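Enquirer: Following this message is one structure expressed as C-alpha cells.
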Amino acid sequence: MGSSSSSYAPKTVYLDVDGKVQKVVFSRHCSPCDIKELLCSSSNVPRNTAIMMVDPEGALVSIDPTMPTNSPNSLYKVVPLSTGQLGDKEDMFQNVLSQVADQFSRAFRINELKTEVTNRLAMLEKRVELEGLKVVEIGKCKNDLKKLRDEMTSRGGSRVNCPCKYNFDDGKKVTPRRDVPKYPKYTLSQDTIESLKKPTFDVWHWEHNEMLSCLEYMYHDLGLVKEFSMNPITLKRWLLAIQENYRSNPFHNFRHCFCVSQMMYGMIHLCNLQEKMTQTDMGILMTAAVCHDLDHPGYNNTYQINARTELAVRYNDISPLENHHCAVAFQILSLPECNIFANVDPEAYKQIRQAIITLILATDMARHGEILDSFKQKVDNFDFTNEEHVTCLKMVLIKCCDISNEVRPTEVAEPWVDCLLEEYFMQSDREKSEGLPVAPFMDRDKVTKPTAQIGFIKFVLIPMFETVMKLFPQIEEIMVQPLRDSRDHYEELKQIDDAMTEGSFVFRIRKDFDKHE
C-alpha cells in the first residue's frame, strides 16, 4: 500500500538565484501551486507573486510536475511579474496564456476527459433507472433490520449499536487534504524552543494549532525533513490528517499524542540519541510516537476482547487497538498528499514501515513484562551496532514516553490522572451495564487517585526508567527522581485518605454506641 506511493523518484531543477546555483527538489505528486511556492521560496520571491520561469535562451518553462529537468550548467531563472510589467507586455502575457492552455490541454487531455465524463454520466443515468427499484427494496430492508434490532434490545442482554465499536463501513474515512494547510504558522520563541526539549514542558498551555506548529518544528529541527526529502507542505497536510484522526476522548486524544511526541523529542536530546543512532531511527521514533494512538475509541483492549467488538474479531484478540492504530497511520500515509515518505527508496520505506509497526505494537501494556525483560538482558552489554539491541531500545523508549506523565511536574501530571480515571470510569460503567468483567483499578466504587497511581509508579514506571538509566545515567535527575517524588506524594495522600476513613469509621461506631446507651 505505502510502498507503491513511494516508488516515484523526486524531480530536481536548478535555478539561477542572484548568480548562485539553487537546487530545488519536489515530488512528482506536487501540484503546480505547491511547485510555485517552492520556487518562490527558493528564489527569495514573496509568496503569491505572479512568476514565470525561463531557460538560458529565454524560452518559457512550464511550472508543473511535467517540467523538463535541467543541469547546473543550464540554469532556469524565476522572473516575478509585476502589474506594470504585465501591462507593458500584453502580447507576451497572451503568449504565456496560450502556451499554458496548450500545455494543460496536452497534460490533462481535457477533450478526451469531457467525452469520457459524458459517456459515464449516460451510463449512470441508465443504471439509476434500472436500479431505482433496488433502492426501494434496500430502504425496506433497513426498516426491517431496525425493527429486528429494537426487538432484540427490548428482550435485553444484547449489545447493539455500541458507540465504542469501530465500524469500518460507517463512513469514517481518512480525508485527503489537497489544499495548502491553513493552520497559523507560529514563530516559536527561544524559551519555547529550549523548553520543548525538557520533560518539564507544560502541555496544557497550548492550543491544537500551536501543538501542530511545535510538531512541525521538531521534524525540521531533527533534520528529518531534509533526511527524507519531505515536501514541507506535505508535512503540514500529514500533521493535520493526524490531528483529525484522534478522537475527543478524555485521555487518548491529540493532546496525549503531542505529549508523547514531545517527550520522545526531549529524550532524543537528553540521551544524545542522534550521536548513537541513525537519522532513520529518529524518524521512526518520532513518527511512531505521533501515530501511536490514532483513532483510539476510549475503551481498552480488555473491553474490545470481552465485548467481541469488530476490532477484536478483525485482529483475533491480539493487540486489537495497537493494530488498528498502525492501520490508520498507514492509511493516512497511503494518500500521496499526506505521504511524508514519498521520496524514500521503496526498499528503505518497507523497513521504516515495519519498524514503526513494531514500535506501535510495543505500546500494548500486555507485553510490558516481555519487552522489559528482553531489554534487561541486553542493557549491561548494550551494543549500538547490534540491530536487535537498537530495536529493543526503541521499543522501550516509546513505552517510556507513552506512560511518562508522572515524570512531569505535579501541576502538569495530575490533571492527566483525572483524565485517565474519567476514561476508565466510562469504560467500567459500560462494562457493568453490559454484564462484562470490570477491572478493580477502573471501578469508580473502588479506586482512588492515590491507589491508582502508587502501584503503577512503584512496579511499572520506576523499574522501567531505572533500567533505561543504566544506559543513560543523565536521566536520573530529570526523569527518575521526579518519579520517586511522585510515588512519595501519592503515598502521603493515601495516608491522609486512610486516616480520614479510619476517623470516620470510629466516629460512626461511637455514634452507634451512644445511641444504644
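Heads up, the Cβ atoms here are built off N, Cα and C, so glycines get one too.
For reference, TrEMBL lists these features for the protein:
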type: DOMAIN; residues: 176-497; note: domain 'PDEase'
type: ACT_SITE; residues: His252; note: active site, proton donor
type: BINDING; residues: His252, Asn253, Phe254, Arg255, His256, Asp293, Asp402, Gln453; note: AMP binding site
type: BINDING; residues: His256, His292, Asp293, Asp402; note: Zn(2+) 1 binding site
type: BINDING; residues: Asp293; note: Zn(2+) 2 binding site
Enquirer: Indicate the candidate from His252, Arg255, His256 with the smallest number of other Cβ atoms within 10 Å of its Cβ, considering only these recorded positions.
Expert: Arg255
Enquirer: Taking the domain 'PDEase' (176-497) alone, what is its mean pLDDT?
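Expert: Overall, the domain 'PDEase' (176-497) comes to a mean pLDDT of 95.
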Enquirer: Give me the sequence-ordered set of same-chain residues, not including His256, His292, Asp293, Asp402, with a C-beta within 8 angstroms of the centroid of the Zn(2+) 1 site's C-beta atoms.
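Expert: Apart from the listed residues, the neighbours are His252, Cys257, Val260, Ala289, His296, Thr363.
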Enquirer: To the nearest Å, how far is the Cα of Asn253 (AMP binding site) from the Cα of His292 (Zn(2+) 1 binding site)?
Expert: 11
Enquirer: In Å, how long is the longest CA to CA span across His252, Asn253, Phe254, Arg255, His256, Asp293, Asp402, Gln453, which the record gives as the AMP binders?
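Expert: Taking every pair among His252, Asn253, Phe254, Arg255, His256, Asp293, Asp402, Gln453, the longest Cα gap is 23 Å.
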Enquirer: May I ask which residues of the same chain, at least 6 positions away in sequence, place their Cβ under 8 angstroms from the Cβ of Asp402 (AMP binding site)?
Expert: Val260, His292, Thr363
Enquirer: Just counting, how many other CB atoms are there within 10 A of the CB of Asp293 (AMP binding site)?
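Expert: Taking every protein chain into account, the count is 25.
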Enquirer: Does Phe254 (AMP binding site) have same-chain partners at least 6 apart in sequence with Cβ under 8 Å from its own Cβ, and which are they?
Expert: His208, Met211, Ile242, Gln243, Tyr246
Enquirer: If I take the alpha carbons of Gln453 (AMP binding site) and His252 (active site, proton donor), what is the distance between them in whole Å?
Expert: 18
Enquirer: What is the one among the binding-site residues Asn253, Gln453 whose Cβ has the most other Cβ atoms less than or equal to 10 Å away?
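Expert: Answer by Cβ density within 10 Å: Gln453.
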